[in-house]
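**Student:** Straight from TrEMBL, here's the annotation block:
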| type | residues | note |
| --- | --- | --- |
| BINDING | TRP33, TYR126, LYS256, GLY289, ARG373 | substrate binding site |
| BINDING | GLY93, SER94, ASP227, PRO290, THR291 | pyridoxal 5'-phosphate binding site |
| MOD_RES | LYS256 | N6-(pyridoxal phosphate)lysine |
Amino acid sequence: MPGRVAPLLVAEASGVRLKLADGRELVDGMSSWWAAVHGYRHPVLDAALAEQAGRMSHVMFGGLTHEPAITLAKTLVDLTPEGLEHVFLCDSGSVSVEVAVKMCLQYQRSRGLPEKRRLLTWRGGYHGDTFTPMSVCDPDGGMHSLWRGVLPEQVFVPEPPAGFDAPVDQSYVDTLAAALAEHAHELAAVIVEPVVQGAGGMRFHHPGYLRALRELTREHDVLLVFDEIATGFGRTGRMFAAEHAGVTPDVLCLGKALTGGYLTMAAALCTPEIAAGIARGDLPVLAHGPTFMGNPLASAVANASLGLLAEGRWRADVARIEAGLRRGLEPAWDLPHVRDVRVLGAIGVLQLDHEVDLGVATDIVTAEGAWLRPFRDLVYAMPPYVTDDADLAVITGAMLAAAEKA
Ligand code: PMP
C-alpha cells in the first residue's frame, strides 16, 4: 500500500538517472509519474527556465498577460486535434479536469439547460484527486472509494473491453448507446481517458470506442471530454491518443509532460462553440482564476519542451522504446504469476494474478538498478523517451524480477 514504504532520498536527477543520497543510481522507469519525457536536467529546458527566471517569475494572469503564455496557447492550438481553439492554463492535471467540467457546465447553462450537469464515464478511470475528478474515478477501486457517498453522483458504464488490437465489440457500443439515451437529458458531458486508462488499472482499449462515443455524444447533444493528461505528448506513439481514433473531443485536458515534467502546469482546451456559449452566459467568463494561472516559468519550460517535441525525434524514440519493451517483456509470458503482458508506445505493463507487496517490489527493482512503482496487481513502466536500449533493458529486467518474486 502507498505510504507504508519509506521513501528513497534523491539527491540529484539527470538524464534518465535518479541519484540517491546514499550513492546508488537508478534508471527511472516512471518519468516522475509519466511527466519527464525528455529526462532530467535537459540542457534546453534548463536554459529556458534560467532565461525566464532572469526576466519574470510570475505575474497575475488576470488583466495581465505575457509572451510565454501567449506562445504556449498558440502552440497548443496548432498541435492539438483540429477544432480546439481556446486554452485555459492552470496548475495541475486535477485542476484542468475541474476546469474542463466547469467549461461544460457553464456552456450547458448558457444554453438554458442547467439540468445537464452530470457526467458519464466508464469504470476503471482515473482523473485526479480533487472532488470533481474523484467523482469520475473508478468508484470501486483505488483510494477514492473512501469518499463514496460524499462525491457528486455521476453515471458509470462498464469499462471498454480490453485490448488495443481487440476487435470492436458491438454489444459494448450498444451499452454506451443505451446509457447515453437514458441519461442525455441530465448529462453535461462524457469524460474518458482515450486509449489508455492509466492510474485506474493501466488498461488499453480499441480507438473504435472513442469514435463511437464521438458519434453518440453528438447524437444525444452531450459534450465529449478527453483526459489526455497521461496519454498526451507522444506517450502512446501518437502526439495525442485521440489521433488513434481520428476524433476531436469538445474539451481536452493536458498536463504532466506539458512542461517536460519540470513544473506544475496543465491546460484545458475547448472549441469556439463552448467558448462562445460561456461568453453569452450570465457570467460571461469562465469562473476560474487561480493565483498561479499561466505561470511564466512553467510556460517558458512548456514552450521549450514542445520545441523539443516539434523536432520530431520523439516518434522514433517512442517506437524504439515500444519495440524494446515488447522484446524485454516477452519472457514474462512464461512466468507463473503473469496474467497479461501489454505494450503500447512508451508504456509497458505486466499484470499479475495477485497484488504486489510494494515494499518487496521496491527492494527488488532497486536491487536491479531501476526505479518503478508497482501498484495493485500491476508492474509497469513509462520511461522517458530518451531512455537508450541498455537502460531500457535494466527497466524490463527489473519488471521481470518483480513479477517473478514480488
Ligand atoms: N488525469 C489523468 C489521466 C491522470 O493520469 C492524472 C494523474 N495521474 C490526473 C488526471 C491528475 O493529474 P495531477 O496529478 O497533475 O493532478
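Each residue, glycine too, has its Cβ placed from N, Cα and C.
Since the structure is predicted, the reported quantities are computational estimates derived from the model, not experimental observations.
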**Student:** Give me the Cα-Cα distance between SER94 (pyridoxal 5'-phosphate binding site) and GLY289 (substrate binding site), rounded to a whole Å.
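**Tutor:** Taking the Cα atoms only, SER94 (pyridoxal 5'-phosphate binding site) lies 15 Å from GLY289 (substrate binding site).
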**Student:** Which residue, of the binding-site residues LYS256, ARG373, has its CB surrounded by the fewest other CB atoms within 10 A?
**Tutor:** ARG373
**Student:** Counting every protein chain present, what is the number of Cβ atoms, excluding its own, within 10 Å of the Cβ of SER94 (pyridoxal 5'-phosphate binding site)?
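**Tutor:** Result for SER94 (pyridoxal 5'-phosphate binding site): 21 neighbouring Cβ atoms inside 10 Å.
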**Student:** For the C-alpha pair, I'd like the distance in angstrom between TYR126 (substrate binding site) and GLY93 (pyridoxal 5'-phosphate binding site), rounded off.
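**Tutor:** Distance between the two Cα atoms comes out at 11 Å.
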**Student:** Find, for the listed binding-site residues TRP33, TYR126, the residue with the lowest Cβ contact count at a 10 Å cut-off, counting only other Cβ atoms.
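**Tutor:** Counting other Cβ atoms within 10 Å of each of the binding-site residues TRP33, TYR126 gives the minimum at TRP33.
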**Student:** C-alpha of THR291 (pyridoxal 5'-phosphate binding site) to C-alpha of TRP33 (substrate binding site): distance in Å?
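**Tutor:** Checking the Cα atoms of THR291 (pyridoxal 5'-phosphate binding site) and TRP33 (substrate binding site) gives a distance of 24 Å.
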**Student:** Could you state, as a whole number of Å, the largest distance between Cα atoms of any two of TRP33, TYR126, LYS256, GLY289, ARG373, the listed substrate binders?
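**Tutor:** Among the residues the record ties to substrate, max Cα distance equals 34 Å.
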**Student:** Less than 6 Å between Cβ and the nearest atom of ligand 1 is the rule; apply it to the binding-site residues GLY93, SER94, ASP227, THR291, ARG373.
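**Tutor:** GLY93, SER94, ASP227, by Cβ distance under 6 Å.
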**Student:** For PRO290 (pyridoxal 5'-phosphate binding site), list the number of other Cβ atoms lying within 10 Å of its Cβ atom.
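**Tutor:** Cβ-Cβ neighbours of PRO290 (pyridoxal 5'-phosphate binding site) within 10 Å number 17.
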